[in-house]
Amino acid sequence: MSACKRLLSDMKLWSFGRSRWTSRARDGMVVRGKAFSSSTCPKVCVVGGGPAGFYTAQHLIKGRQDVQVDVYERLPVPFGLVRFGVAPDHPEVKNVINTFTQTAKHSRCSFYGNVNVGQDVSVGELLQAYHAVILSYGAEGNRSMGVPGEHLAGVYSAKDFVGWYNGLPSCRELNPDLSCDTAIVLGQGNVALDVARILLSPLDFLKKTDITQPALEALAASRVRRVWIVGRRGPMQVACTIKELREMATLPGTRPEMTPADFDGVRDALKDLSRPRKRLTELMMKTALEPPGEKERERWGAASRVWGFRFFRSPVEVLPDSGGKKVAAVRLAVNRLEGSGEAAQAVITGEVEDVPCGLVISSIGYKSLPIDPAVPFDPRRAVVPNSMGRVQQVSGLYCSGWVKTGPTGVIATRRYSDSFDTKCDSLIEDIDSGVNPVAFSDWEKIDSLEVRRGEVCGKPREKLLSVEEMLAVARS
């Protein structure tokens, strides 16, 4: 049973009086000593205003005609990963914001930004005020490489680097040093390719996107001319999709440079691959091994920038420069594979190689973080332990999205596999810690200003970069 069906099933129990929530609704609810009257309509709180949160709200509203949904978001602005994680040159992916906006404006849905659940209000207080609380707050932590030197200057997580060029307030002071010739991206998923593409894209391409102005200026001055995308396994195990690979293969001003020996035996294995994996691998082999056509040959000949996959390599140490403070190289262990296909495991051979670089971006995954001491959390898997979305240790508590499953899939998959799919205005009034929530209509003021700022310089929008700026506009 999916998480959405699980919650909707539980709602039926509420309706028929077979749950503790029925007596709570009949007797009223109490938050910080204040009694609330309540109707028989299920009232659900969704914590997190990103894709999982909005898909959850959408499914709930469609699944039951009397449910009321409140969406709480830590930042003053909604949409989470769509706004701060999707590459600026992928505007088509951001079109889902239109759907989320319809959900936010639904008569049975309310959005409250600038509310930090776990600090401004506890999960326990939410559980007192709502029939159910659904944690959908995503994965904002970084997975550590766990190697010496990973904290040297010039080493960044992909989450922070992406947040920097996408205008995430907590990353606006990142100011990555792009004065080096060579960058290494650790990981071979879509985010890794997004980072590599942004580092190497022609400035004229980026000027037409909603990339932040500080990032645009830094990339204009960048000296990065070579990006190696490093993975511990081989060509048949890369985690990116064919769309991202095709974008790299056709990126103007660049040419690919790979090691032909890494593809030994791959052609013979193509027949056993699934169709999507086969198409991806064939494109990779074509890019790496086949002589380019006339137009491609001309483009490669004029290219000033180089990129390539480096397979069968795992980082074992980030090496410092002579001053001991900044990255100068990455020491990579050379691997071999045991097994075949996507289940193949990388095994260290004992051989190592040092690759000089001045910039390292680790794209080995995100992880969710604990939100409240009262909420169970599995630190090893970085998820809230659950059974089909139900947090069994806490009655009335559910989870969806990455905090439920771990960071897997793309935005669209969360709509169907991970999300569930109400309103307690008194709770907002009772938050006595000085929080002033941002309503969706306040967000629309921010949105309107950003679009107007973008029009001035020919961009879709020019984002506000600090929470203070966002709140000032929302309160205007």
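Cβ coordinates are placed from backbone N, Cα and C, and glycine is handled just like the others.
Taken from TrEMBL, the feature domain 'FAD/NAD(P)-binding' covers 43-199. What TrEMBL records for ALA52, GLU73, LEU81, VAL117, TRP402, GLY409, VAL410, ILE411 is FAD binding site. The annotation NADP(+) binding site is assigned in TrEMBL to GLN188, GLY189, ASN190, VAL191, ARG232, ARG233, GLU244, GLY409.
Between the alpha carbons (Cα) of GLU73 (FAD binding site) and GLY189 (NADP(+) binding site) lies a span of roughly 27 Å. Of all the binding-site residues given, namely GLU73, GLU244, the one with the smallest number of surrounding CB atoms inside 10 A is GLU244. Neighbour list (VAL117 (FAD binding site), Cβ cut-off 8 Å, at least 6 residues apart, same chain): VAL47, TYR72, ARG74, VAL123, LEU126, TYR137, ILE371, ASP372. Other Cβ atoms within 10 Å of the Cβ of GLY189 (NADP(+) binding site), summed over all protein chains shown, number 20. Comparing C-alpha positions, ASN190 (NADP(+) binding site) sits nearest to LEU81 among the binding-site residues ALA52, LEU81, TRP402. Scoring each of the binding-site residues (GLN188, ASN190) by how many neighbouring Cβ atoms lie within 10 Å, the top position goes to GLN188. Taking the Cβ of ALA52 (FAD binding site) as centre and 10 Å as the limit, one finds 31 other Cβ atoms among all the protein chains shown.
Regional average pLDDT for the domain 'FAD/NAD(P)-binding' (43-199) in the model is 95.
In this structure, the CA atom of GLY189 (NADP(+) binding site) is 17 Å away from the CA atom of TRP402 (FAD binding site). Cα of GLN188 (NADP(+) binding site) to Cα of LEU81 (FAD binding site): a span of 19 Å. In space, TRP402 is the closest of the binding-site residues ALA52, LEU81, TRP402 to ARG232 (NADP(+) binding site), judged by Cα positions. Between TRP402 (FAD binding site) and VAL191 (NADP(+) binding site), the C-alpha separation comes to 16 Å. For VAL191 (NADP(+) binding site), the same-chain residues lying six or more positions away in sequence with a CB closer than 8 A to its CB are GLY85, ALA158, VAL162, SER363. Around the Cβ of ARG233 (NADP(+) binding site), 20 further Cβ atoms fall within 10 Å across all displayed protein chains.
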